[in-house]
Amino acid sequence: MLVSYNWVKEFFQDFPLTAEELGEAITRTGIEIEGVEELSASLKNVVVGEVLSCERHPDAEKLNKCLVQTDEAEPVQIICGAPNVAAGQKVIVAKVGARLPGGLKIKRAKLRGEVSEGMICSLAELGFESKVVPKAYAEGIYVLPAHVETGVNAITLLGLDDAILDMAITPNRADALSMKGVAHEVGAIIHQKPAQPTEPDVSEKGKAEDFISVEVENPAETPYYAIKMVENIEIKESPLWLQTKLMKAGIRPHNNVVDVTNYINLLYGQPLHSFDYDKIGSKKIVVRSAKEQEEITTLDGEKRTLQAGHTVITNGVEPIAIAGVMGGEFSEVTENTTTVALEGAIFSSSSIGKASRELYLRTEASIRYDKGSDAWKVEKALAHGGALIAELSGGTLVGGVVEVDNREKAVNKIETSLTRINRILGTAITLTEIETIFDRLGFVLEVKNDALIIEVPTRRWDITIEADILEEVARIYGYDEIPVTLPATSTTGGLSDSQKARRVMRAYLEGAGLNQALTYSLTSKKDATRLALSDEKTVALSMPMSEEHSHLRTSIVPQLIRSASYNIARKNMDVALYEMGTVFYATEGDNLPIEQEHLAGLITGNWHIADWQKTPKPVDFFVLKGIVEGLVNKLGIKSELHWKQTEKEELHPGRTASLVLEGQEIGYLGALHPAVEANYDLKETYVFEINVAALLDATKEKVVYHPIPRYPEMTRDLALLVDKDTNHAAISQVIKEHGGKLLVDIELFDIFEGESLGENKKSLAYTLTFLDSERTLVEEDVQKATNKVVEALQEKLNAIIR
């Protein structure tokens, strides 16, 4: 969130900190400030000018010769190429000697033979990003209101004598997604209470219920919904103070109605939405769940297909807005709007978050609803917004609101004690200091003997347990003020064997090129049973927050598939992920579920990316098979991993294998079924999942390091003709069993199938490597070992030596 330093100061009478000091102080209390930008650092000598005359440049069709009055005694001539410059305008002028962002210094110059003594500026040339410049001025200079005095400092007028704090708001601090919330935080830091925003004093006329009625079909998804009416309005540009506040917050001004809703959202953290009342097409608003495949064209001009479960605002027939996300083009406020229905509501955070993610539509409103908000500030925000629209548009504020209120206000009281606070924090804070801290935070404190009962304001919905209270005390008291104390007893550090093994697995997989993923343990009912290692029953939550998170997972792979799909939708086409996490299986009765640790992985796209030396290599079954085999070897497991062809729902029937270790099936590896890949917009994708406990319990052998051989090795090539259903693993096993102690390596270097070999036959070629670490091998030794291998292959596999 971008926070204006000057706007923060408006909440306090005497502000003691510079912008840099404020950023450091906020960071110390737990909200990270990613940067502080002084807007006027590269601006100098910029004033308001009046264009006295404007005529076409005699030698340049696209240039204008303007006579401009600034703060100097005489007007100056400025050559300007903006298409919208005209006589009579109040404009921003960078005088000769002025400095602008990017290191640009304005000099007296000649343009096509005409002298230019300065520059008429656009907002972008003053440092505003193009995405926040009003569309009317996107291609030209910015025209100031006519009442602005000529010659005044334009830097001050535009609010550029300011600093912007870039705040990284964590999900638990949604209260700081508003200027009021920031002011509360800052007030606690500087020991001052912030002033409350005051709304314009506008008289009301009429009754809102004469204009519209409201019906809410699902109160759980919409606990509060209200409409405030403003009529006889005139749509025009917002005043300069409002435009500059929005632009500095990263929001583009539109008009005096839309800008007020954005301003109130910034001020209170409460999204509002404005409907053109005459376009609604009904005198009744119905808030309901969307119908499957219902469509709406949103304000950005995109036609969006809704899903059942998305909350929509309708006129009783068709949607006019996606609740908490974005309004519909159907009821958009335009220059012809005369009556506005202003919406203020509280929507379920899980519902809005789900809709925002599924529609790939993230807005300032959805961000605030998704993170959660104070359900009791909406009336104040709606009243302020309605009054401000009436004041800025010359409209009539209609009396009252039409509302449906199903909120339940519960007082949030948490108990702790001074003794516990000091014992846990390691401090010696006095009761007086505690009282001061909670007063600064705006919390109500009641002292009963040693007990402290704290009533938490509704704006801090993130505070629910005693630990949260202790954190607040530590934050405001100052983390740097808490004394450093050594542990009372010594502890012996060290990792257990299983911890070491897990670290080895993570390091190996990351070294192999996979990235660690962390996904939810909660999933949907459908995903809970997909691709599981076991057929055990799933565990359902008794009170799930949403259908998407109603069950505990029995497999990690479905979540990795969703993660891969999410990445590919954002043009990250080559994905390699792994996750080590817990899956859950139901037990009989009310017993706790069985928890099992699994390791899962997924690869899709290219394994090797193309460059000037090589072509891209797509992922395949053997890439992932090699990674899994390497993992088993890295753990020092003595037994060999066996691969058994199998079939599993949602995996490719011809490219799926179960993993068998020490006679026990411990997992699977395979390609996703093409139908699953198509459903998630994936290319060829391979996955595996292994029971971690089986890996940890497998017999290990100690790693013994051998010196580098002093004697040369000898090799023999064998080409075998075998049945088509004879696999490499079976051949390799026979060779190992009969190759003797001199055989140190087996390498498959060729596979051939063709009509010339005969029906259902294939040829495999191997290189066998022999080595004796104590002497030089002789031909007789190698031939003897090779003969034993050949005899065994002929006897056990009916192989023909070619």
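The backbone N, Cα and C atoms fix where each Cβ goes, glycine too.
Database features (Swiss-Prot):
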type: DOMAIN; residues: 40-155; note: domain 'tRNA-binding'
type: DOMAIN; residues: 409-484; note: domain 'B5'
type: BINDING; residues: ASP462, ASP468, GLU471, GLU472; note: Mg(2+) binding site
type: DOMAIN; residues: 709-802; note: domain 'FDX-ACB'
Same chain only, sequence gap of 6 or more: which residues have a CB within under 8 Å of the CB of GLU471 (Mg(2+) binding site)?
GLY30
Residues near GLU472 (Mg(2+) binding site) in space but at least six apart in sequence (CB under 8 A):
ILE437, LEU441, PHE443, ILE463
Show, in sequence order, which residues other than ASP462, ASP468, GLU471, GLU472 on the same chain lie with their Cβ within 8 Å of the centre of the Cβ atoms of the Mg(2+) site.
ASN172, ARG460, ILE463, ALA467, ILE469, LEU470, ARG475
Across all the protein chains here, work out how many other Cβ atoms are within 10 Å of the Cβ of ASP468 (Mg(2+) binding site).
15
I want to check the contact list for ASP462 (Mg(2+) binding site): same chain, sequence separation of six or more, C-beta distance under 8 angstroms. What comes out?
ASN172, ARG173, ALA174, ASP175, GLY372, ASP468
Per DSSP, how many helix, strand and coil residues does the domain 'B5' (409-484) have?
34 helix, 17 strand, 25 coil
